[in-house]
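Student: My questions all concern the structure below.
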Ligand SMILES: *Cc1c(COP(=O)(O)O)cnc(C)c1O
């Protein structure tokens, strides 16, 4: 399988290069040049497989012959052995709802599904092809801990993760700082999340520094993350349809950076019998407005009870624009240039009609989110995390619907307290966390202190 850039500025690359490149060198995102087709016989054969075996089948055409099948199998096995449920992503019946629980990984959020795999994949490719990778990022919550758990203890990889000191939830801070592996470096920046993000950007813009220290990122634009997330759409379809290719299933997807629901879109384009894909957003509704109007326009970011979805620009949206325009990279480039210079882009009527056929979109307020948590708890004695509640509310009473549960409710206990006046019980992954020893360095909010720290740490062979 070959990969090209959504902006058309690079010669096609293979799978390994696409994964290690992250962002394409022309500023675009990497996309497969063609999609495999899944026919009825394949769907029937896949429907009996467990999560890991299914992952191997779904991923194989995208990986091609770059990784021997047995090696890929071992990578997948290792990645999902860290999940606390034997089904990895179990589909559970909750009253009238069907919920796909994606939060049984080590940090209790769905990002583990992709980042456990990505960490092992990085380690494998670096061991095979040589080189090292020093991941650097800033986090305000879920991504940081999932990334740290993805690479802890891995050879040839270090991670430097910045968070704004005292400004993330205590549980999320502990999840990161209690990881004591020598290759994990937590940094509490004396400043805001924006300060932390600006510092990381500055580092990446210092090209000599970036190349001397092999800096890389694990943000949501990495192709391997999309790939890993396609698997559970097929898995859920198979559980609901008993392998009957005539049976179609819809999905309600709590959406921020558009990575999760984009994986569902690709699965549908490959022939997986998916009916509706519901883009569920909170008050940060840029994607809902796009589906409604065909205009994608940047607004303010609001803080909500579902913070992992508080985004202004959905980084994977560019991939969708590319597929919406049938791979016309010139068109994507010009739309994005318009977005860059004016803060808005608009697709023509025909493409808007296609977008409406591809997605339903619903924005859900905080009040509705709390009400949904309350209702589901009263009806079925089940506690939804606020992100999941946004999806459930957006899905409404649609038939043959699967709601993706993107985090364990205990990670967002303040919202749970507000909704139902009690605590969400802690899952095993979060038990005892607050008593663990921690390691974390405090730094002033500037690029120079961070550069000095990285230089010193890596020179020591850390
Ligand atoms: C990241 C995240 C989302 C949003 O997923 P995207 O792929 O960015 O759309 C939703 N819920 C939770 C809990 C998350 O951590």
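Even glycines carry a Cβ here, placed using N, Cα and C.
Since this is a predicted model, take the numbers as computed values, not measurements.
Per TrEMBL, the features are:
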DOMAIN    2-80  domain 'Threonine synthase N-terminal'
DOMAIN    100-315  domain 'Tryptophan synthase beta chain-like PALP'
MOD_RES   111  N6-(pyridoxal phosphate)lysine
Student: By a simple count, how many Cβ atoms lie within 10 Å of the Cβ of residue 111 (N6-(pyridoxal phosphate)lysine), its own Cβ left out?
Tutor: 30
Student: Which whole number is the mean pLDDT over the domain 'Tryptophan synthase beta chain-like PALP' (100-315)?
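Tutor: Averaging the confidence scores along the domain 'Tryptophan synthase beta chain-like PALP' (100-315) gives 94.
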Student: For a three-state summary based on DSSP, what are the helix, strand and coil counts in the domain 'Threonine synthase N-terminal' (2-80)?
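Tutor: Breakdown, helix to coil: 42 helix, 9 strand, 28 coil.
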